[in-house]
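Annotated in Swiss-Prot:
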type: TOPO_DOM; residues: 1-75; note: topological domain 'Cytoplasmic'
type: MOD_RES; residues: Ser4; note: phosphoserine
type: TRANSMEM; residues: 76-96; note: transmembrane segment
type: TOPO_DOM; residues: 97-110; note: topological domain 'Extracellular'
type: TRANSMEM; residues: 111-131; note: transmembrane segment
type: TOPO_DOM; residues: 132-187; note: topological domain 'Cytoplasmic'
type: TRANSMEM; residues: 188-208; note: transmembrane segment
type: TOPO_DOM; residues: 209-324; note: topological domain 'Extracellular'
type: CARBOHYD; residues: Asn264; note: N-linked glycosylation site
type: CARBOHYD; residues: Asn267; note: N-linked glycosylation site
type: DISULFID; residues: Cys275-Cys311; note: disulfide bond
type: CARBOHYD; residues: Asn299; note: N-linked glycosylation site
type: TRANSMEM; residues: 325-345; note: transmembrane segment
type: TOPO_DOM; residues: 346-369; note: topological domain 'Cytoplasmic'
type: TRANSMEM; residues: 370-390; note: transmembrane segment
type: TOPO_DOM; residues: 391-441; note: topological domain 'Extracellular'
type: TRANSMEM; residues: 442-462; note: transmembrane segment
type: TOPO_DOM; residues: 463-487; note: topological domain 'Cytoplasmic'
type: TRANSMEM; residues: 488-508; note: transmembrane segment
type: TOPO_DOM; residues: 509-512; note: topological domain 'Extracellular'
type: TRANSMEM; residues: 513-533; note: transmembrane segment
type: TOPO_DOM; residues: 534-601; note: topological domain 'Cytoplasmic'
Amino acid sequence: MPNSLAGGQVPNPTLDAFDLVDRSLRNAGISGSIPGLEEGGTDPWTFSPLKNADQLKEVGMASRLRRVVSSFLKACGLLGSLYFFICSLDILSSAFQLLGSKMAGDIFKDNVVLSNPVAGLVIGVLVTVLVQSSSTSSSIVVSMVASKLLTVQVSVPIIMGVNVGTSITSTLVSMAQSGDRDEFQRAFSGSAVHGIFNWLTVLVLLPLESATAALERLSELALGAASLQPGQQAPDILKALTRPFTHLIIQLDSSVITSGITSNTTNSSLIKHWCGFRGETPQGSSEGCGLFSSCTERNSSASPEEDRLLCHHLFAGSKLTDLAVGFILLAGSLLVLCVCLVLIVKLLNSVLKGRIAQAVKTVINADFPFPFGWLSGYLAILVGAGLTFLLQSSSVFTAAIVPLMGVGVIDLERAYPLFLGSNIGTTTTALLAALASPADMLIFAVQVALIHFFFNLAGILLWYLVPVLRLPIPLAKRFGNLTAQYRWVAIVYLLLTFLLLPLAAFGLSLAGGTVLAAVGGPLVGLVLLIILVNVLQQHRPSWLPRCLQSWAWLPLWLHSLEPWDRLVTACCPCRACSNSPMTSKVAHCYENPQVIASQQL
């Protein structure tokens, strides 16, 4: 029943009614539709008004005490979940190193393939995906350059691939929020914006570097202007907190990977079984060790076995192979990772509500007053770089941002500069770590770190300095809208971006540059043409011939995901792959704007 005022007057429509009318008009196609709106009736990119916290008023000392205790326990649970989440990422990285380190070493040994820039880029991506550590991938490159197995020019595309491969971690983390459509839409768009930025930067800088060697020359100029002195290792705050727990599970000797490439030894185990000798201080600590140097005794030590000290971790002295231990750690770390993510999201939704959530969102997403609003994004870049430098891990930082985006604490426009700052922060950490490397590797380590730094800096100049060129943001929103409507698109994106397309490019590069250009050139041109036509169809359809103003003349499966969605739903009838019936039913409530307005009067 509509409410009425005295004298039979009808109250004016509320802002909520106008908002619903506006959304219904958009869903009807008057001003462009958004998949998220079509399905759920709410715009996931515009966070809904928060409930007033006045409803939480308590009476009595017992109720207040109960609320204080509950808040304290939630805070402890949140910190504990975050701690084990970070530890699970560390163990996940160790698992991938155990599973893929030998394969990564075999890939890097083929110097003929590495001389191809496209092949070098793909190898950098695949190796970083395999070992889940940009530091390990960079250390391999530095060792090969120092051993004269690679030139600096050949290593540049590999470093670009390493930068791209690091974004897979945040994408995997976003998959844990696929249960809620809106949360998954925001979280996946946040992970996608990082990968899109890296790929767009590669598409511009890889041809430029192949033609001019700009990054290599710039790093040489920087080295010539600097007087290098061996320095101390970068601060290791995060590892100091997580190492006591993770070292009880597994300890690895990462130098086995690089030594296997440079000295052709492939029979050493990556698992560290011995941590020193009797009567000496165990060398399990990393103090005084550089990023590219080994501070542990090798398993193949010639000392008598009775004089060695067995390491204290779960797999010390185990007869299991590296592959078996890797699979065990992979399953366990993924399980803990998913459980911790679910707990973090639930606790954040419970803690961040009412005025608290409003204050947090306002502070994080706020801009400086006019005319200094443009400085807010650059401050976010500095914050992202500083936090990544302190954490010593860009993967951990980006993986922590993604759940916050899912629950609506950080919006995409603010997360984008944070991710860019994280890219800069991880290169400064590598630069300081390179200064602590041995003297014979110092120059090469610093030059590789500088190339990595200039690559990310050039990406910021390309895709952030000019607001109209911040293309990763709208592209990520489109991916988020697609994944909200068809959740299986996220899996397709993951497989195509980090596995299938790199493998296809790698296979073509093996056939030679002529075959790569003959096959890859037309395909890339076709993709760019389709993108251009789609943009013109939306903004300037009159510029196109009548036949290209719409794709309706093509078969449905070539211009719509509906047939593919029916196929995927038939093969995988689970909730994560299809839309719920309730969601589709709610969408029909916004088809008639007049009905909505009358219901609000």
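Positions of Cβ are set from backbone N, Cα and C atoms, glycine also.
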Protein Cβ atoms within 10 Å of Cys311 (disulfide bond), excluding its own:
21
For the transmembrane segment (488-508) and the transmembrane segment (325-345), does the number of C-beta pairs under 8 Å, pairs 6 or more apart in sequence, reach 3 or more?
no
Looking only at the topological domain 'Extracellular' (509-512), what are its DSSP counts of helix, strand and coil residues?
2 helix, 0 strand, 2 coil
Counting only pairs at least 6 apart in sequence, do the transmembrane segment (325-345) and the transmembrane segment (76-96) share 3+ Cβ pairs under 8 Å?
yes
Give the number of CB atoms, excluding that of Cys275 (disulfide bond) itself, located within 10 Å of its CB.
21
Can you tell me which parts of the same chain pack against the topological domain 'Extracellular' (509-512), counting only residues 6+ beyond its ends and a CB-CB cutoff under 8 A?
113, 116, 118-119, 122
So how many of the residues in the topological domain 'Cytoplasmic' (463-487) end up helix, strand or coil by DSSP?
18 helix, 0 strand, 7 coil
